[in-house]
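Trainee: According to Swiss-Prot, the record shows the following:
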type     : residues : note
DISULFID : 53-76    : disulfide bond
DISULFID : 67-73    : disulfide bond
DISULFID : 72-97    : disulfide bond
DISULFID : 85-104   : disulfide bond
DOMAIN   : 47-111   : domain 'Disintegrin'
MOD_RES  : 48       : pyrrolidone carboxylic acid
SIGNAL   : 1-20     : signal peptide
């Protein structure tokens with residue numbers, strides 16, 4: 001049961017991109033023991049679809065993509081400059097997309 005939990009957590013965090021996932025099913029609810037280099041069945045919902053912005057074989061952006069993830073990335077393109085990506089909290093201002101990156105600017109801490 002612990003092995004199933006670990007494999008399920010791993011698959012939920014790291015999308016299935018190729019044949020490197022290691023799992024073989026016996027007959028117990030499609031979960032079973034981990035065996036090297038063979039995939040026969042996976043729990044429903046354990047595999048996330050691959051990111052269309054990334055080429056899994058090269059680990060690079062697909063042609064025409066500007067970004068693959070981030071609060072300022074939408075459908076593989078940078079979000080326009082000025083869009084709020086993180087609301088103000090306390091004394092910190094709203095953080096806005098720059099239009100040059102898929103990442104929301106980092107929080108600034110003042111002494």
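Every residue gets a Cβ built from N, Cα and C, even glycine.
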Trainee: Quick check for the class: what is the C-alpha distance, in angstrom and rounded, between residue 72 (disulfide bond) and residue 104 (disulfide bond)?
Mentor: 6
Trainee: I need the nearest neighbour of residue 67 (disulfide bond) among the disulfide-bonded residues 53, 85, 97, 104, using C-alpha distances.
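Mentor: The smallest Cα gap between residue 67 (disulfide bond) and any of the disulfide-bonded residues is with 53.
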Trainee: About how far apart, in whole Å, are the alpha carbons (Cα) of residue 97 (disulfide bond) and residue 104 (disulfide bond)?
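Mentor: So the alpha carbons of residue 97 (disulfide bond) and residue 104 (disulfide bond) sit roughly 6 Å from each other.
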Trainee: Please determine which of the disulfide-bonded residues listed here (85, 97) has the lowest count of neighbouring CB atoms within 10 Å.
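Mentor: Candidates: the disulfide-bonded residues 85, 97. Fewest Cβ atoms within 10 Å: 85.
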Trainee: Taking Cα atoms as reference points, which of the disulfide-bonded residues 53, 73, 76 is nearest to residue 85 (disulfide bond)?
Mentor: 73
Trainee: Would you mind pulling the DSSP three-state label for residue 85 (disulfide bond)?
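Mentor: Reduced to three states, the DSSP call for residue 85 (disulfide bond) is strand.
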